[in-house]
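Report on the structure given below.
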Amino acid sequence: MVKLVFARHGESEWNKANLFTGWADVDLSEKGTQQAIDAGKLIKEAGIEFDQAYTSVLKRAIKTTNLALEASDQLWVPVEKSWRLNERHYGGLTGKNKAEAAEQFGDEQVHIWRRSYDVLPPNMDRDDEHSAHTDRRYASLDDSVIPDAENLKVTLERALPFWEDKIAPALKDGKNVFVGAHGNSIRALVKHIKQLSDDEIMDVEIPNFPPLVFEFDEKLNVVKEYYLGK
């Protein structure tokens, strides 16, 4: 059976500060760095050997991927980066403290923005310091593709082509795959893999640690799902 390991990035500096992060390129905290290393140690203990790795274009996921591969003695494994694995874009909430946002907009509204499947948060201004429209890493993309805000539905729509074009074919070829990504891009793919309803995915949380493992048969039916070390 082939294995797919999802590792959400370790705690970031903005996770630590309770800020909405989204596409802002925030670094790992000291705790997050250790979580990434510990993820790699769990992978090594489990004897999982990868053939291919994928990650986003955000440093917290890239570093988590590299640290986990290094700690599992697999730093040589090819890594492909894609914006399609980025975190959900939190729009105008980016950089805001979650508690302060609740005070400003109300607990219920912020909860809807965070947890609903298809409600968009406010758009980010194009001149915002965190706007992806002026970020060089997205220069090859058509400007119309770059989001100003996303919900989980939109996140799945842009992550799904990467699943279909890259991850699923690798698994079908018998390759074990590592994906170092983000809470919501992983949630989106888990929704697709498990065929969860829009309501069911609302209750799914992806922790910074430990990694989540799916084992598939040759037709990519899920045979087993578990968290490493649990």
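Quick reminder: no glycine exception, Cβ is built from N, Cα and C everywhere.
Summarising the annotation, Swiss-Prot assigns active site, tele-phosphohistidine intermediate to His9. Reduced to three states, the DSSP call for His9 (active site, tele-phosphohistidine intermediate) is coil. Taking the Cβ of His9 (active site, tele-phosphohistidine intermediate) as reference, residues of its chain lying under 8 Å away and at least six apart in sequence are, in sequence order, Leu28, Gly32, Ala36, Leu58, Arg60, Ala61, Lys63, Thr64, Gly180, Ala181, His182, Asn208.
The number of other Cβ atoms within 10 Å of the Cβ belonging to Glu87 (active site, proton donor/acceptor), over all protein chains shown, comes to 26. Feature annotation from Swiss-Prot assigns active site, proton donor/acceptor to Glu87.
What Swiss-Prot lists as substrate binding site is 8-15, 21-22, Arg60, 87-90, Lys98, 114-115, 183-184, and the listing cites sequence analysis. Within 10 Å of the Cβ of Arg88 (substrate binding site) there are 27 other Cβ atoms, across all protein chains.
DSSP assigns His182 (site 'Transition state stabilizer') to coil, not to a helix or a strand. What Swiss-Prot records for His182 is site 'Transition state stabilizer', and it gives sequence analysis as the kind of evidence.
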Densest Cβ neighbourhood among Arg8, Lys98, His182 (recorded positions), 10 Å radius: Arg8
Close in space, distant in sequence - Gly183 (substrate binding site), Cβ under 8 Å, 6 or more apart: Arg8, Glu87, Glu205, Ile206
